[in-house]
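Chemist: Can you keep this structure in mind? I'll have questions shortly.
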């Protein structure tokens, strides 16, 4: 689908040349490596997915018919009411891997309600042969049913259109279908509409898929694939790759991947990445517009969805996560450069991240409860707010970076006493507790299981200034205390059953579970400090930290002050306030943007970047010219 001006996208291509012989060779080796890395599913699994989707499509029609009859429709009208499924996300884009779920949208007519979806359809799913899981999450931002059919996981969402029947040839491309829908239905439809629009806006779908499969694997391995933690999610990565495909319409995957790293590294953020011009539509809803909305102007790396209503898919990006991703783009570019000249292999691009080797200090954020079901909700709530903690940490003097890890580590600990429960909730899991099995606590009075999820944030501290003497101090008690207050504001928070602890640890005290087998470097003659001695349980200060109130300081400390630990199994300190904590005056990490135009760059000036560079004759400024705004 070429635009009226003869090209796809908001600017002309950088180059319309065919790929070179060498680029074709490295594309072949890239595809071989992606197969070796296990990113493609087997033919058998692909067939199973098609069969499962066929069964779900039939079940949706049956569900609509059943509800239609109960609403008093005639047999003929109930049969004609229809119902249709659409896939979206990685499956629809064609970049899913083995075992990945299928995002599935169920479109139903106006007389079928959301309650019917979670009552009638969920029960019908449970009764279907081959279904091993089916559980509704009606309170989610996009309400869904999680299911597993014949071993294939599915996330099913629903949209009710203002139509009396859903025809088999229905297309969701018409913006008018969004009229008179509630917000949840618009959100449900948006996933499918965005995915389809991305596929319509790339010049060659096969090249796009091969390139995206590579970038997706790279981002996962480098631990920068997570929308909730302030990095980019699947849709944002897809839109970035799609934009590079538009700029090189005749290139193949190896060339696209090479240009991807160079161009995105040099991108003039916060200039937005657009696949097409932003359009108005029939709804009274907000469309992304930094000229109108200050919140949109604050987006650091805006990547804008192409389907109406256009939204920013990257509003979670912070100063720290932007710095981390920019550095990874540069590293990726250097590796691909060496691959093209034959001095490196593609496997180097997919090497594992070094997050747990990178920093001297880490923050542990530990969410804990006494039941699996409650833990899923509580840990999810805490995780969704970690980026707020990262943004608060960015204002601390002498902290140059707060680096969130993209997933939490789940543990179940079987405790024999309240004292053990308290210790586990504070992150102190002794060897005895770690080895204890469920059977060992059954029937014992006072025994219980503690479910905990631990999230990590790496802390980069400013280097010591030349000539500086004496101990350095870094006080992060204010952001950590504010964070604990924030998570406790959750409407379902219960002080008696949920625990939240934020504490710092040295890299030497990181638990073994964060490393792969054999990954941990032996610590030369240095014993790993025992957690019980390493952290003061009463106020979570390290042993060499004075327990009295100190003056606020702009200097940095070898030891860090954080917020207090809970004194009861799942209770944090009174009101979450650190009585012995000095509060530093907030200082931002980045200079305030100047007022020269809407899109002021907040990273280094691209014109002064010497490396990496596009091949001779290709100009990145084409993609970021005024026409792209």
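Quick reminder: no glycine exception, Cβ is built from N, Cα and C everywhere.
Sharing the feature lines straight out of TrEMBL:
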type	residues	note
REGION	1-24	region 'Disordered'
DOMAIN	9-202	domain 'Poly(A) polymerase nucleotidyltransferase'
BINDING	101, 102, 103, 155, 216, 225, 234, 235	ATP binding site
BINDING	101, 103	Mg(2+) 1 binding site
BINDING	101, 103, 155	Mg(2+) 2 binding site
DOMAIN	354-523	domain 'Poly(A) polymerase RNA-binding'
REGION	516-559	region 'Disordered'
COMPBIAS	587-611	compositional bias 'Polar residues'
REGION	587-613	region 'Disordered'
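Help me see these features in their spatial surroundings.
Modeler: Residues 200-203, 243, 246-252, 254-255, 258-259, 274-277, 340, 614, 617-620, 622-623, 625, 627-628 of the same chain, all 6+ positions outside the region 'Disordered' (1-24), place their C-beta atoms under 8 angstroms from a C-beta of that stretch.
Take the CB of residue 216 (ATP binding site) and look out to 10 A: across all protein chains shown you find 21 other CB atoms.
Sequence-distant contacts of residue 103 (ATP binding site), defined as residues of its own chain at least six apart whose C-beta falls under 8 angstroms from its C-beta, comprise 87, 88, 89, 90, 91, 92, 154, 155, 157, 191.
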Chemist: Give the mean pLDDT for the domain 'Poly(A) polymerase RNA-binding' (354-523) on the 0 to 100 scale.
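Modeler: For the domain 'Poly(A) polymerase RNA-binding' (354-523), the model's average pLDDT rounds to 91.
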Chemist: Within the chain of residue 235 (ATP binding site), which residues six or more apart in sequence place their C-beta under 8 angstroms from its C-beta?
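Modeler: The list for residue 235 (ATP binding site) reads 89, 194, 195, 198, 305, 313, given in order along the sequence.
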Chemist: By a simple count, how many Cβ atoms lie within 10 Å of the Cβ of residue 155 (ATP binding site), its own Cβ left out?
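Modeler: Result for residue 155 (ATP binding site): 19 neighbouring Cβ atoms inside 10 Å.
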Chemist: May I have the DSSP-based helix, strand and coil counts for the residues of the region 'Disordered' (1-24)?
Modeler: 4 helix, 0 strand, 20 coil
